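Some features that Swiss-Prot has for this protein:
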BINDING   415-422, 462-466, 516-519  GTP binding site
COMPBIAS  62-80  compositional bias 'Gly residues'
COMPBIAS  211-230  compositional bias 'Low complexity'
DOMAIN    406-576  domain 'tr-type G'
REGION    1-305  region 'Disordered'
REGION    415-422  region 'G1'
REGION    440-444  region 'G2'
REGION    462-465  region 'G3'
REGION    516-519  region 'G4'
Amino acid sequence: MSEGNDQDQGKGRLSLRPAGRKDVGRTVDAGSVRQSFSHGRSKVVQVEVRKKRGPGPAPAGSGSGSSGGGRAGGRGGSGGRALTASELATRQRVLEEQRAEAVRREQERREQEKIMILSAAEEARRRDEEARRAAEDEVREKEEAAARAREEEAERRASAQAHGQAGTPSRAEPEPESSGPVVSAVPIPGAVTLAPPMERLRPLAERAIMPARPVTPSRPATPAATPQAPGETLRLRTGRVGEAEDDRRPARRPGGGIAPGRKPSGASPKKGGDSRRSGRIDVQAAIEGDDDKTRSLASVRRQRERERRQAELERLRADQVRVVRDVILPETITVQELANRMAARQGEVIKALMKMGVMATVTQSLDADTAELVVQEFGHRVRRVADSDVEIGIEGIEDQPEDLLPRPPVVTVMGHVDHGKTSLLDALRTTDVAAAEAGGITQHIGAYQVTLPSGSKITFIDTPGHEAFTAMRARGASVTDVVVLVVAADDGVMPQTIEAIRHAKAANAPIIVAINKCDKPGANPERVRQELLSHEIVVESMGGDTQDVEVSALKRTGLDKLEEAILLQAEMLDLRANPDRVAEGSVIESRLDRGRGPVATVLVQKGTLRRGDIVVAGAEWGRVRAMLDDRGRQIQEAAPAMPVEILGIAGVPGAGEPFVVVDNENRAREISEFRQRVIRDRTAAGQTAARGTLDQMLARIQAGAQKEVAVLIKADVQGSAEALQATVLKLEHEEVKVRVLTAGVGQITESDVQLAKASDAVIIAFNVRATTQARELAQREGVDIRYYSIIYQVADDVEQLVKGKVAPKHREKFLGYAEIRKVFDITKVGKVAGCYVTEGVVKRGCGVRLLRDNVVVHEGELSQLKRFKDDVKEVARGYECGLSFAGYNDLREGDMVECYEMELVPA
């Protein structure tokens, strides 16, 4: 028990250190390591190395001395006690363990020193590699700086030469050496000089084990002794700086940025504080950029690659030959068409417009001024054209003589009305056209081609002889090669004969005189020849050069002589044309046909017209869908001097207008739109001139001096509409003005009735009819629709209106319609039509008109009206009946019979 207590008490005296010695060494070594990253970044890391606390080896004789002393004390002292054997054994065991521990630690220390030596060698190799790279970067940067300096000097000299100061340096420009503040090599108080970069790059293992070496202030040195460049000395702030300039500066981060304000720390600075702030630089160093941060090689490589690509692109642009085009600009043009004409992308054109403040799409139209700015932006030349320039070059090129081939002659038959022009053509064509003409007079231009027994071909154009058809005769003369002047042997020279002579002379066409009706009693051909002398027509029998032939269309005599005379005249003219070119010609007649649309009779004068060609005829255009000859047969192409009917035009072209084949639809549309715009402007200008000024109109209204008769003309063909318009306008009186609202072709529609109602006009229908809806609307609105088939009646009625006879004595009253469903041949009676009354009533003895495709083909009286076998006075709607017409048997299934009666209207 006492032994255990003694051991417990002796624990406090056991120690591995000699008595009276204290361990004052530090157990922790601290330092800093700068880690480098990519793109020139770095970071300072604090490193601590802890040492284990342990006593050193005991000095020799310390144990024996202490024990001896103890023993001496024990022996000599009154209170001393000798060690027991167990205590002595314990102490010996502890000492042996301490010696073994010391040996083990010595071995570990030697191993650590070996590792440190190897790490130092590795760090030395890495340091050498970094030094080599830094030297290469420094040389490269110096070369780039020198190159930039040379470029700037060259630019400065060029600008000086441009301003007339070549060879004289600018005094206001500072010298390159004085571009920044001069840094003296004399040490500045409060600043320290960093060791060279190689000194600062200490081995990683060395800085991890050994404490960081504080940066000490450099000793004063003369400039000659320590020459340093301004960029190699960095002034570091150590401690407090008393200068006012430094007081005004904000605190900076190691990278040069402004650090946020921090409260002053109350702890005393540690010993290694200066080394922790060794990476912070002042404002001057931040401005000059003299820190350890540099651009990475990858960044420099990318920059050089970009510069190389940019230089290559600039070289290619400089070497590229820019194409400058002549861009034709009309009055209006779409963005898409403008881009096509400049051979540029549509997106680039839209971008250029956006820069000008114009937001446009590819289909939007631009005016000529805006388009001109865009073209100039792209560097092209601008050529402005007028709207009429779209017609330039439409006629084609001149034909070469070797390309011309013989063609048939075009013969126009002209003369006075009822002198037998159409009958003469029928005799030549062996047809019967004259019987179908209303009133026995021709009211359309007919074009035919006759093949003679000899194989030769002659193209005939039949023109009306009535006074109202002057324009038609003029058109016929303008396209003809030879004029056949038909003069009746019994009538002699008449007014329209004289007019035909004038038209032929104006067209510079040779004349062949055909003296017709020589078989009639009282015919005197010599008198005709004598009368022609007064109009400078001298026939061959009287010593002149004009051929004359006596013919009889009824007896068909003298026709062969007329054909020989025509061929002889054509041979003398040597008529030729080039069939291998685009077709050109004239529109002889045009009409609006139900079921086929607009139909134009054209005469091909040059080239060959083929099915599928794009044609511009007057103000209309279209693609030829079908072609018909004079006998109604479909053909694929038409040679020069051949008359044909063409289908596929968008509208009804004007009679006498030229037609031409163009390359594409865009050109055709442009020409058509321009011509339609010209027609609208001309019409508007004429109406404005006719109305006069507002003061003049008010004066006429107040005085009541001028009245107006408005008419709306609808005809079956364009030529008839023009003739009616000319006839009506000639009937003007000084107190009554005749105004034609419109003159068109086709049936009467509701829009025509509404226009006539608004203008209080009379609708004149020439060989056409109104639709059911238009007729009902006219009855409700009280619009007067008058139907005619002979132009004389139109002139008489309009003349009565002008003279103040507002209504004629007799007026037509509509009764009803009947549809022919079956045609029967009855002996001794003729043809009888089995009809079904579709509207109104049919009365016996009423007037009838036979309609075929809404065109009047016969007008007469109803001779018989039967229901089954009984004669009846009238048949109402919804019943069947039998009809027969007086003196007419050309009845067909599907024809419509219009019934009317004349009633007396009081004036």
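The count begins at 1 with the first shown residue.
A Cβ is built for glycine as well, from the same backbone N, Cα and C atoms used for every other residue.
In the three-state DSSP assignment, the secondary structure recorded for Lys421 (GTP binding site) is helix.
Within the chain, the region 'G4' (516-519) has long-range Cβ neighbours (under 8 A, six or more residues past its boundaries) at 419-420, 423-424, 486-490, 525, 550-555, 557-558. Reduced to three states, the DSSP call for Gly415 (GTP binding site) is strand. Note: Cys518 (GTP binding site) has non-local neighbours Ala489, Pro525, Glu550, Val551, Ser552, Thr557, Gly558, i.e. same-chain residues 6+ apart with C-beta under 8 A of its own C-beta. Mapped onto DSSP helix, strand and coil, the region 'G4' (516-519) counts 0 helix, 1 strand, 3 coil. The number of other Cβ atoms within 10 Å of the Cβ belonging to Gly415 (GTP binding site), over all protein chains shown, comes to 29. Summarising model confidence by region, the region 'G1' (415-422) averages a pLDDT of 79. All chains included, 19 other C-beta atoms sit within 10 angstroms of the C-beta of Asp418 (GTP binding site). Counting Cβ atoms from all protein chains shown, Lys421 (GTP binding site) has 30 others lying within 10 Å of its own Cβ.
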